[in-house]
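**Q** Have a look at this one.
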Amino acid sequence: MKKVHERFLEYVKVDTKSDETTRVTPSTKGQLELGKILAEELKEIGVDEVRISDKGYVYACLKSNCDKDIPKIGFISHMDTAPDMSGKNVNPKIVENYDGKDIELGNGYTLSPSFSPELPMYKGQTLITTDGTTLLGADDKAGVAEIVTAIEYLINNPEIKHGDIKIGFTPDEEIGEGADHFDVEGFGADFAYTLDGGRIGELEYENFNAASAKVEIIGKNVHPGSAKGKMINSILVAHEFVSMLPLDEVPEKTEGYEGFSFLLDIQGEVEKTSLSFIIRDFDKEGFKNRKERFNEIAKELNKKYGEGTVTVTLKDQYMNMKEMIEPRMHIVETAEKAMKQCGIEPIKNPIRGGTDGARLSFMGLPTPNLFTGGENFHGRYEYISINSMEKAVEVILNIIKIYAEK
């Protein structure tokens with residue numbers, strides 16, 4: 001039987017960086033390649049009903065081995081890695097018996113406790129890091145490896161009783177499209193867990209309400225020598241727009257349950273400037289107010305510079321899954337129990353982001369999020385503890401056992 005980290009090291013060889021500009025699903029060929037590898041591997045270890053959809057989603061089912069009426073549990077992870085950094089030619093480094101000090105990644109980069117204060121907690125463990133030139137891909141290939149390893153363990157140990165176990169691997173989660181074509185009905189689970197969290201112990205069932213905002217500003221360009229009273233510099237109007245938002249309600253100044261507006265991108269010249277924002281808030285009313293503020297600013301600036309100068313386009317992305325999880329809190333409580341059984345203290349913090357599970361919960365499949373063990377996702381300083389990965393496998397197995405024993 002393969003060890004979980006061995007699987008992980010195989011999966012990261014496949015470049016699955018997603019790309020929101022391609023407008024196809026999956027957005028990159030590497031995701032389809034990994035999906036085919038996973039489907040074949042699941043068949044080889046004895047999983048039933050393995051299929052890949054025309055959109056690259058991998059679905060499988062390990063059939064029940066007992067007569068009891070046991071809930072059908074799903075486990076889901078995503079195959080893509082973040083567009084933030086290259087996932088090509090990932091060259092993982094194994095750091096055995098970590099000494100708690102700086103780790104030289106190579107290529108002039110160092111992973112240090114001063115940058116990652118949590119590092120010393122992994123002293124004595126074996127870590128997998130990058131070589132400094134790419135991300136690692138623990139988000140979320142660690143989750144994929146943990147699910148496959150847990151399933152293989154069940155197959156190799158048939159004395160462990162379980163109901164139907166549903167498996168799902170999705171593309172394009174990192175660009176917000178992971179649930180777009182997910183076949184909830186065909187998946188057939190009563191509820192599910194995503195393996196897409198970070199540090200060991202993380203158990204998440206609250207996430208941001210999320211929207212995107214596109215702001216387009218139309219200016220008027222005339223010769224600067226005769227511009228007085230005529231020119232409207234769209235770049236400066238854009239600056240004015242941003243300054244009218246709460247200046248302290250930005251990602252770098254917020255934490256916990258605090259929301260924000262985040263200016264992601266600005267492209268402009270005198271006659272036209274475009275701004276791209278994301279809007280985030282845990283509270284429904286606060287979320288509504290943040291979106292309304294964008295429209296109010298546009299209204300004020302249009303009054304000042306002329307109707308049609310500023311246009312705002314808002315688009316909801318996902319909502320806080322808490323309201324869909326709370327009526328079935330046994331899903332969360334079972335995960336807590338499963339963690340405690342293997343010596344892990346659950347960490348229940350809100351997700352300052354989103355997962356496939358957030359949208360799936362609103363599609364009728366309640367899906368809280370479990371840890372994978374990774375740290376510093378989406379960049380060259382990403383790493384993961386093999387011990388944490390092994391514990392994630394244990395938690396999956398414990399959840400399955402708890403429901404089988406009820």
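Along the chain as shown, residues are numbered 1 onward.
Cβ from N, Cα, C; glycine included.
Heads up, here are the entries from Swiss-Prot:
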BINDING   HIS78, ASP139, ASP196  Zn(2+) 1 binding site
ACT_SITE  ASP80  active site
BINDING   ASP139, GLU174, HIS378  Zn(2+) 2 binding site
ACT_SITE  GLU173  active site, proton acceptor
**Q** In Å, rounded, how far does the Cα of ASP139 (Zn(2+) 1 binding site) sit from the Cα of GLU173 (active site, proton acceptor)?
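**A** About 10 Å separate the Cα atoms of these two residues.
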**Q** Would you count the other C-beta atoms found within 10 angstroms of the C-beta of GLU174 (Zn(2+) 2 binding site) for me?
**A** 24
**Q** Work out the three-state DSSP category of HIS78 (Zn(2+) 1 binding site).
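**A** Strand, per DSSP.
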**Q** Fill in the CA-CA distance, HIS378 (Zn(2+) 2 binding site) to ASP196 (Zn(2+) 1 binding site), as an integer in Å.
**A** 13
**Q** Provide, as an integer number of angstrom, the distance between the C-alpha atoms of the residue listed as 'active site' and ASP196 (Zn(2+) 1 binding site).
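**A** Distance (Cα to Cα, whole Å): 12 Å.
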**Q** Can you tell me whether DSSP puts ASP196 (Zn(2+) 1 binding site) in helix, strand or coil?
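**A** Strand, per DSSP.
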**Q** According to DSSP, collapsed to three classes, what secondary structure does ASP139 (Zn(2+) 1 binding site) have?
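**A** Its secondary structure by DSSP: helix.
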**Q** Using other CB atoms within 10 angstroms as the count, which residue among the binding-site residues ASP139, ASP196 scores least?
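**A** Comparing Cβ neighbour counts within 10 Å for the binding-site residues ASP139, ASP196 gives ASP139.
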**Q** So if I draw a 10 Å sphere around the Cβ of HIS378 (Zn(2+) 2 binding site), how many other Cβ atoms end up inside it?
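**A** Step by step: centre on the Cβ of HIS378 (Zn(2+) 2 binding site), count other Cβ atoms within 10 Å, giving 17.
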**Q** Long-range same-chain neighbours of GLU173 (active site, proton acceptor), Cβ under 8 Å, sequence gap at least 6?
**A** SER18, HIS78, ASP80, ASP140, ASP196, THR355, ASP356
